[in-house]
Structures are given as structure tokens and as C-alpha cells.
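First up is the structure itself, then whatever we jot down about it.
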């Protein structure tokens, strides 16, 4: 009976985790569709500081989809192990990229597809070797953790960096550099996750009959969460309005996950008990994600598919054997000997200069 119950819980957790990825991945598409519709109407775009998206039902549908996905993700942890739920969160990157290619006409080339797969692989490796979170059972323990000097310094740096990006870097480079708005969302997201953790403890103690509503930390966490989430939504909308969705989604996932892992390591002291192989595995997974994001971002404008691969190989073969073929042609065609001689000379010159364009 116990084994059957455990299998049943596992299936529920698996379905919830996959549903979460689908809802979150689809939310980016719905939001982008709403922002594009506003742009066609001539409304001030979110990238320029406008908030007309608040009147667009598609944008609200995207927000509702993201909220549903987050709720499903939190619920999945109650049924399935974290080693199953957490890596499945990376599927939202793949879902968003695929849906954007169908519904937003955003092309995802071969490099982008490999980049998405590498991001998922790297996330899986990071989760396998991720440190276990230190348990915090009460609001008083959470208050003690939040008052730790290391976390206070980290939170102060996050606030300072965010303010610089918002008021100094954003107005100058936000329209051209994809990392500006996404970094704002990501680093503030690390604080919002800490607030969610604290509020989760508050709700648990509230159901246990403890007077947590009289604790000032409860209201501080709630107010901080509202400010953080509002800021994240604002700047994520700007990034989605300006840049390609299939690029915004994985970059946001990587930077956000890195910020959350860093914040959790400082807040809960996770890295102190990690083995050397787990540390190496965590960094290896992180580097794999970076490589995947590089492939996805750096070659997004390159029109390259599997159908082009044989053609490219044939061109390389012709380039490598160009001189030999030219000589053979000259032997069998005496009437074109002078032209072949000129071609052979130009080919050799091009090869000395490291160029294959002559072929």
C-alpha cells in the first residue's frame, strides 16, 4: 500500500511539474502576443515605459498562466522529490522557444535548438549536484537568517546594483542590450524567492495557530515581495517587448537561477557541507548552460539547419580539393590552359592568405 501510494504521489508530482513548465512557457507567448497587439494599435510600448498592457486581456492571460504554473510548481514539491521537479522547470525554456516559432514567427535555428538542449542538460547536472537547503522551521529562525551579516551585505549589493541598472544603465542601454532588463528581473528575483520562503513559513505557522500576524517580519516580507514582483513584471515586459522571446526566456532562466542559487547559498549556508564532486558538478552544469545560451544568442541570425549541413560539407570538400581539381581540368582541356593557369595561381594565393572564397 505504501509503495502504491508513493508511486501515485510520484505521478502527481511529475504531472504538476510538467504542467508548470507548459503554463510558464506559454505565458511568455501570451504576453508577447498582447504586447504586439498593443504595438499595432499605436499604444506606448512597454519598452518605452508604457503600461497600456494592463488593459490587454492577452497579457493578463499570460500573467494568469504564469501564476498557474508557479502554483503547480510549488505543489509539485509536495508530491515528488526536488531532483525531479527542479530540472523540469527548464522545460519552460524549450516550450517557450518552440511555441514562439509557431505562434510568433520567430525562427529557431539549429544552433538555438542545440542551445536549448544544452541549457536543459546543464540544469539537470546542476540539480543532481545541488546542495540541500538548510531547513528553517519557524519565523524566528528565518528572522535570524535574514539578519546574518553575509545576507545583509548581499541584499544591499543587489539593491544598489538594481538601482544603478534602473536609473543609470537602463535609460542608456536598455533598448539595445538584452542583459540590462533581464539582469534587473533576475537579481531582484533572488530576493523575491527569499520572501516567498519566509511567507511560506508564515502561512504554515498561521495554520498551526501561532500569532505570526503580530510579527513585524511577516508584513515586511509581504511588502518586499509585492515590490520585488512588481519590478520584475515591469522590466520583464520591457525585455519581451524589445527582444526575441526565444532569446529572452533562456537568458532570464539562467541568470535568475544563478541569482537564486547564490542567494540560497548565502542565506542557508548550503555550500559549507558540499563534497568536492558536487562543487565540480555544479560549476560544470553552470558552464554547460552558458555554452547553450551562447549558441542560442550569438547565432540567432544565422540561417543554418540540418538541410544545409551536407551542402556545407560539400563546399568544404571542394575547397580542400580545389587546386587538384583545377589541375586535372587543365590537363584534360588544353584549349582552356591559360584560364586554368590563372585560376590555379589565384587559388594558391587565396590559400596562402587563409581565404577559401576563391573556390
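Numbers here mean position along the shown chain, with the first residue as 1.
Placement of Cβ uses the backbone N, Cα and C atoms for every residue, glycine included.
Note that TrEMBL annotation is computational and uncurated.
Residues or ranges marked as transmembrane segment in TrEMBL: 12-30 (among others).
Taken from TrEMBL, the feature transmembrane segment covers 57-77 (among others).
Here TrEMBL flags 84-104 (among others) as transmembrane segment.
Taken from TrEMBL, the feature transmembrane segment covers 110-130 (among others).
For 151-172 (among others), the entry in TrEMBL reads transmembrane segment.
If you look up TrEMBL, you'll see 178-196 (among others) marked as transmembrane segment. Counting only same-chain residues 6+ beyond the ends of the transmembrane segment (178-196), those with a CB under 8 A from a CB of the stretch are 146, 155, 158, 161-162, 165-166, 169-170, 221-222, 224-225, 228-229, 231-232, 235-236, 238-239, 242-243, 247-248, 251-252, 255-256, 258-260, 262-264, 267, 297.
Annotation source TrEMBL lists transmembrane segment at 217-235 (among others). Beyond the transmembrane segment (217-235), the same-chain residues lying 6 or more positions past its ends with a Cβ under 8 Å from any Cβ of the stretch are 46, 63, 139, 142-143, 146, 162, 166, 181-182, 184-185, 188-189, 191-192, 195-196, 198-199, 202.
Marked as transmembrane segment by TrEMBL: 247-268 (among others). Long-range Cβ contacts of the transmembrane segment (247-268) within its own chain (Cβ-Cβ under 8 Å, at least 6 residues beyond either end) map to 25, 28, 89-90, 92-93, 96-97, 115-116, 119, 123, 126, 130-131, 133-134, 136, 145-146, 148, 150-151, 154, 178-179, 182-183, 185-187, 189-191, 193-194, 236, 239-240, 286, 289-290, 292-293, 296-297, 300.
Annotation source TrEMBL lists transmembrane segment at 280-299 (among others).
For the transmembrane segment (151-172), the list of distant contacts is 145, 180-181, 183-184, 187-188, 190-191, 231, 235, 262-263, 266-267: same-chain residues at least six beyond its ends, Cβ to Cβ under 8 Å.
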